[in-house]
Amino acid sequence: MAAAVPPPPYGHPRPPPPLPPFADAAAAAVATVIGAPPLSLGRGKSRVAPRYLIVAACFLATFVAYVERVGFSIAFTEMAKAAGAGEALKGEVLSAFYWGYGVSQIPGGWAAQIYGGRAMLALSFALWSVASLLTPAAAAFGTVGVCVARVCVGVAQGGLIPAVHTVLSQWIPPHERARAVSLTTSGMYMGSAAAMLLLPSVAAAFGPASLLRVVGLLGLAWLALWLAVGRDVPQREALIPLVSYAARGPASAAAPPPPPPRAPPPPPKPRAAAAAAAARTPWRGMLGSAAVWAIVLNNFAFHYAFYVIMNWLPTYFNSVLGRELSDLGPLRTAPYLAMFLTSNAGGWAGDWLILRRGVGVGAARKAVNTAGMLASAAALSVMPAARGALGGVALTTATLAALGFSRGGFSVNHMDVAPKYAGVLMGISNTAGTLSGVIGVAVTGRILDAAGGASVRAGWFTAHAVAAGICLKAAAVFAFFARGERLFD
């Protein structure tokens, strides 16, 4: 009796076009991290599924984007110090990015849904890379020129994460989504850590303005890679196996067989496809869904805590612990590296519950999200009690590590409830996350002023209690209202 032929790779009703020579090696590396076996091609041959190359490229996209953000911060801080700029001016320039970033999230997700994630990722990188390269020239027009350049970078990068989610929702089957999304988003934290370690030396050797050219060229290099390997999967509904591989454990044994492939319909004309996609977007249904708002609230809570810590951490170390973060050397990257590890651990935990324990998708997302949010709330509450720089780094690392773990819950759930509209839903969710950063940083400043200044620990306890309370409420809402099944077609 002939051996059963395994289902084709997710989203491939026909063989994909050929990829560059390095593609198999990159895909194999990601498959190893995710823990997926190769596809059997018969007669002892096997091949790693091409979707893992897409995950690798998306990981590099978030990595490079966050190298750019940290790189500009390092460059501008040095240039502002040399020019004798005040704190208010520095705040205006550094916040300009987030104004552009916040307003482009939803339009970016909508455009990715209509025109495809591949095209929107390419456009995003092309625009922000050029804007970064032109920033030194824009500085000739003073603060206004630099702010305009940073708004342009923010607008361009605002569509990046929604486009990534659109691409992954097409390529990644449900039982691998948590690991794939967690690996992709962990590139943010690895990129931040790498930039903090390496870019100060580049600035010291070649000047702060050189960092803007370096990150711009990195963006163009990624763009060239994406144009070579990036693929959209237009007929992803033809094949969506719950479990693509045999011998996955009790969950896979009980999984129903995938439906037989359907012949893909002829592709519609681009304008007709765009109009149809725009008309189909269930805006009212999504905005009226408790499950959607559970995702949005948890994104708000995550970024409230994250931005408060990252923006106020230097002040806390200086005013309360009597140390400068810059004096800690490589140790200051520990929180970012911890988030890289735990965000991947959260993805693994969610998929392990689904595959090995037979837990439903919704229950798995709730378990991971609840664990991460509760742990982060506890760590936030005790973080102001740190004694000494090492204690401060340890508690900061614990807090951000717990937050990173929670991404295996709310940050993946977009693709569960609305795989066709994952980019749009991510845009809505990320807009709330960006808004929470603006609110959280401002509220923390007012709390500290009301308590008597940044050197008073009581103010820090109050500010962190607010962040912890938001995390607790978000965890409760997600536990009650989150869903694991598809809600929007």
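Positions of Cβ are set from backbone N, Cα and C atoms, glycine also.
Not measured: the values here are computed from a predicted model.
As annotated by TrEMBL, transmembrane segment applies to 22-41 (among others).
What TrEMBL lists as transmembrane segment is 53-76 (among others).
Among the features that TrEMBL reports, domain 'Major facilitator superfamily (MFS) profile' is placed at 54-486.
Residues or ranges marked as transmembrane segment in TrEMBL: 122-142 (among others).
Look at TrEMBL and you will find 180-199 (among others) tagged as transmembrane segment. When Cβ-Cβ distances below 8 Å are used as the criterion, the transmembrane segment (180-199) is approached by residues 30, 33-34, 55, 58-67, 69-71, 74, 161, 164-165, 168, 172, 211, 214, 330, 332-333, 336-337, 339-341, 343-348, 404, 407-408, 411-412, 415 of the same chain, each at least six residues removed from its ends.
The feature transmembrane segment is assigned by TrEMBL to 211-229 (among others).
Feature annotation from TrEMBL assigns region 'Disordered' to 253-274.
Feature annotation from TrEMBL assigns compositional bias 'Pro residues' to 255-270.
Among the features that TrEMBL reports, transmembrane segment is placed at 290-313 (among others). Sequence-distant neighbours of the transmembrane segment (290-313) (same chain, 6+ residues past either end, Cβ-Cβ under 8 Å): 325, 335, 369, 373, 376, 380, 383, 396, 399-400, 403, 406-407, 409-411, 413-414, 417-418, 425, 428-430, 432-437, 439-441, 444, 463-464, 467-468, 470-471, 473-475, 477-478, 480-483, 487.
Positions annotated as transmembrane segment by TrEMBL: 392-410 (among others). Sequence-distant contacts of the transmembrane segment (392-410) (same chain, six or more residues past either end, CB-CB distance under 8 Å): 178, 181-182, 185-186, 189, 294-295, 298-299, 302, 305-306, 309, 313, 316-317, 321, 323, 328, 331-332, 334-336, 338-343, 345-350, 365-373, 375-376, 378-380, 382-383, 385-386, 429, 478, 482.
Within the same chain, residues 95, 98, 101-102, 105-110, 112-113, 117, 159, 161-163, 165-166, 168-169, 281, 286-287, 292, 295-297, 299-308, 311-312, 410, 414-415, 454, 456, 459-460, 462-463, 466-467 sit at least 6 positions outside the transmembrane segment (422-448) and bring their C-beta atoms closer than 8 Å to a C-beta of that stretch. Per TrEMBL, transmembrane segment is recorded for 422-448 (among others).
The annotation transmembrane segment is assigned in TrEMBL to 460-482 (among others). Within the chain carrying the transmembrane segment (460-482), a Cβ under 8 angstroms from the stretch's Cβ atoms is held by residues 290-291, 293-295, 297-298, 300-302, 304-305, 308, 312, 316, 320, 362, 365-366, 369-370, 373-374, 376-378, 380-381, 383-385, 409-410, 413, 440, 443-444, 447-448, 451, all 6 or more beyond its ends.
Through the fold, the transmembrane segment (53-76) approaches residues 19, 23, 26-27, 29-30, 34, 90, 93-94, 97, 121, 125, 128, 132, 135, 146, 150, 153, 157, 160-161, 164, 167-168, 171-172, 180, 183-192, 194-196, 199-200, 203, 208-209, 211-212, 214-216, 218-219, 222, 225-226, 229-231 of its own chain, all at least 6 residues removed from its boundaries and within a Cβ separation under 8 Å.
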